[in-house]
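Structure record follows, encoded as structure tokens.
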Amino acid sequence: MVDVRLRISRHCRMTPSHLKWQTVLFIFCVYGMELVFGQARYSIPEETPDGSFVGNIANDLGIEISRLISGKARVVTKGGRQYVELSRDKGTLEVKERIDREELCKQTTPCSFSFDLIMENPIELHRVFVEVQDINDNAPKFPKGTASLQISENTEIGTQFHLDRAVDLDVGINGIKNYSLSPTDHFKLKINNEADGNKHVELILQRALDREERDEIKLVLTAYDGGSPKKSGSMQIHISVLDANDNAPVCKQSVYKAEVKENSQAGTVVTAVSASDVDQGLNGQVSYSFAQATEEARSVFKINSETGTITTVNSLDYEMEKMYQLNIKAMDKGGLKDTCKVIIDVIDENDNSPSIQLMSFSNVIAENSPIGTTVAVINVEDADSGINGIVQCKINENIPFKIESSLTDYYALITDETLDRENIAEYNITIYVSDQGSPARYSNKTLNVKISDVNDNPPVFSSEEYKAILSENNSPGVSVLKVEARDDDSGPNARLSFLLEDKNIHGNPVSSLVLVNSESGVISAAKVFDYEQMKSFSFNVTARDGGSPPLSSEVTVTIVVQDQNDNAPQVLYPVQTGGAVVAEIVPRSADVGYLVTKVVAVDVDSGQNAWLSYKLQKVTDRALFEVGAQNGEIRTVRQVTDKDAVKQKLTVVVEDNGQPSRSAVVNINVAVADTFPEVLSEFTDFTHTKQYNDDLTFYLVLALAAVSFLFITTLLVIISVKIYRWRQSRIFYQSNLPVIPYYPPGYTDTGVTGTLPHMYNYDACMTTDSRKTDYKYSTIGGQSVLMMDPSFTETMQRAMRERVLQQDPESPEAVRN
Ligand SMILES: *[C@@H]1O[C@H](CO)[C@@H](O)[C@H](O)[C@H]1NC(C)=O
């Protein structure tokens with residue numbers, strides 16, 4: 001053992017750096033004792049060029065170079081490549097082939113190879129160990145040149161991400177020593193040394209990511225080895241920052257203002273809101289909706305959830321809502337949201353017509369209402385605003401009303417002139433209102449105002465005066481005429497009643513003559529009238545209305561009593577005495593046409609009833625006398641002869657023209673004689689009464705006066721008649737009235753000859769004083785004087801009384817009747 005140990009110590013010359021291996025070598029030597037004569041150990045760096053010196057084996061094993069040559073020493077490698085060869089001449093070992101430690105040993109360390117040195121004669125075997133020392137000939141290397149990582153932006157700080165580590169074929173100090181990262185603003189490295197000596201590389205997030213700021217980060221990971229000089233290898237790391245919904249949408253404006261006209265049709269775009277979201281994809285997709293919008297606003301507006309466009313769904317009414325406030329929610333698909341406000345002003349349009357409301361209205365107004373009386377109070381309104389709501393008010397023109405503004409929007413309709421119901425009883429007052437919009441809107445209202453009656457109009461008769469003709473001998477109660485009146489007022493103010501005004505006519509109250517129907521105005525006769533007693537009369541009728549106080553007016557009614565042929569003619573001359581014989585005397589010398597006498601008759605009737613005609617009825621000698629049909633003159637028609645009888649008797653019929661006619665008969669005695677005694681002798685049978693003789697003188701005087709008076713009167717009448725006709729013809733001429741004076745056929749109206757005209761005839765009676773009970777009448781010709789029949793005087797008296805009655809109603813005679 002000592003030997004071995006010595007040999008070992010002799011052959012195994014150890015460098016200090018190999019001391020640690022001594023123990024191992026020793027054990028190895030013990031096992032190889034039978035074969036191996038010696039050992040040698042060398043150490044060379046890898047990659048040593050060929051021929052480089054490895055060791056002086058001769059020296060190290062104590063072998064002579066000659067022995068090497070004689071022993072034919074050679075290197076024997078078992079398998080594998082021969083890296084080292086022997087230079088026998090020098091006794092040195094040299095590098096035969098480049099040694100790559102990494103190829104030879106991979107990561108094994110220490111790395112060595114061995115070969116044997118064999119010599120012959122005697123055979124000798126020496127084992128040589130060569131340790132290959134690592135040199136830093138490999139750089140660290142990452143398996144992949146790039147690494148990609150996807151990291152969400154909201155990853156928490158401190159999160160670790162595993163990275164592939166780099167590999168360095170070198171070992172030991174030349175292996176990977178550390179890593180570095182660049183840049184390190186978001187990440188840092190964490191190196192974990194594993195038990196196997198490897199290092200784990202972790203990437204640690206040290207600052208929060210923000211995709212919106214930077215969505216891709218490029219890092220370079222570099223690995224360094226510990227060689228000298230050190231080598232490095234690097235790897236690109238691409239980090240994609242994944243989006244997280246970390247951004248809420250943001251409205252572009254927090255408040256939007258918009259205007260929309262009222263009555264805009266549905267679908268009108270009001271405005272559009274917009275919000276942006278910097279997130280990606282769904283996280284950045286914003287949808288819009290109403291937040292806390294009133295139901296009403298929802299019914300009016302809608303929002304397009306994608307575009308944010310707000311449109312109307314209904315027409316708007318400024319008058320209902322002037323402004324809308326909408327809260328809009330902009331929300332991304334990740335549920336983050338923002339809100340903004342939209343204020344929509346509704347713009348007024350002139351879409352409302354002004355309205356008229358009657359606050360008070362009296363549709364009936366008295367015609368005597370003073371000017372300024374209020375008829376109606378009107379309220380006008382227009383729901384629009386601004387000038388669209390400013391209202392003007394007026395009424396139609398040319399009516400006695402005006403409109404006054406009392407308060408804002410209030411107007412009073414008042415009277416502007418005095419009213420007159422009788423002129424205009426009703427007004428249609430139209431109130432026109434218009435606003436100032438463009439175009440303006442109008443409306444109107446018509447008020448019907450009735451003017452109520454006031455009793456301001458008296459009754460008015462249809463005629464200024466009334467005249468009626470009533471035939472005498474009427475039946476009592478017959479209606480004569482009707483007065484009519486109107487009253488322009490109405491109602492009770494126009495209800496008329498007719499009253500007879502109290503009055504005396506010929507001493508009788510008028511109510512005894514006529515009756516007035518107070519309602520109808522019909523006037524009827526209250527008694528039987530006699531033309532000969534009363535030819536006409538007048539009275540007043542009052543018409544009174546029912547107003548309070550009543551108004552009245554009166555009218556004069558004249559009733560003319562019309563004559564009827566109810567009186568026969570009365571013969572005035574010759575006087576028909578009962579017993580006395582009166583004769584006309586015709587001298588025998590009388591010529592043809594001698595006026596014997598004239599029959600004078602009157603008829604108290606008038607007109608045609610008083611037109612008289614005369615006829616001979618009976619005559620002693622028809623050839624001797626004739627009577628003028630119109631004038632009653634009895635004349636001779638032939639020369640009187642001596643043969644003619646003294647005593648001639650004629651009967652003359654006097655007839656009026658009435659229908660039917662009435663007549664009277666008069667007997668005339670004619671004496672044809674030259675002397676009065678002759679006559680007397682002939683007329684001895686003529687009766688004389690004492691009374692007549694007594695009064696004869698008186699009657700003669702009276703007759704004379706009467707004749708004189710008659711003559712003058714006749715003259716006056718003729719003149720009057722002439723004047724009257726002359727004037728009448730002028731009136732006819734002027735008036736062109738077709739009035740033709742009427743004369744009955746066969747009658748002439750001459751003032752000179754013929755019958756006394758009726759007027760004359762009559763007036764003669766009227767103007768004569770009739771206070772005497774008897775009446776004496778003489779012929780116009782004054783040729784004869786005859787006696788008067790007493791019965792005739794009665795007739796005359798009556799006629800006279802009537803005349804007096806007409807002239808003087810107050811006379812005692814009238815009263816007596
Ligand atoms: C007023 O109007 C009414 C109804 O239209 C009509 O019957 C009446 O005749 C009118 N009155 C006047 C005075 O115009």
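Cβ coordinates come from backbone N, Cα and C, glycine included.
Unlike curated records, TrEMBL annotations are generated automatically.
In TrEMBL this protein carries:
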- 38-142: domain 'Cadherin' (DOMAIN)
- 143-251: domain 'Cadherin' (DOMAIN)
- 252-356: domain 'Cadherin' (DOMAIN)
- 357-461: domain 'Cadherin' (DOMAIN)
- 462-571: domain 'Cadherin' (DOMAIN)
- 586-683: domain 'Cadherin' (DOMAIN)
- 696-721: transmembrane segment (TRANSMEM)
Counts of helix, strand and coil residues, the domain 'Cadherin' (38-142), according to DSSP: 16 helix, 42 strand, 47 coil
The domain 'Cadherin' (462-571) - residue tally per DSSP class, helix then strand then coil: 7 helix, 50 strand, 53 coil
For the domain 'Cadherin' (357-461), the number of residues DSSP places in helix, strand and coil: 4 helix, 57 strand, 44 coil
Stretch-averaged pLDDT - the domain 'Cadherin' (252-356): 90
Composition by DSSP (helix, strand, coil) of residues within the domain 'Cadherin' (143-251): 3 helix, 56 strand, 50 coil
For the domain 'Cadherin' (252-356), residues assigned helix / strand / coil by DSSP: 10 helix, 49 strand, 46 coil
For the domain 'Cadherin' (586-683), the number of residues DSSP places in helix, strand and coil: 11 helix, 43 strand, 44 coil
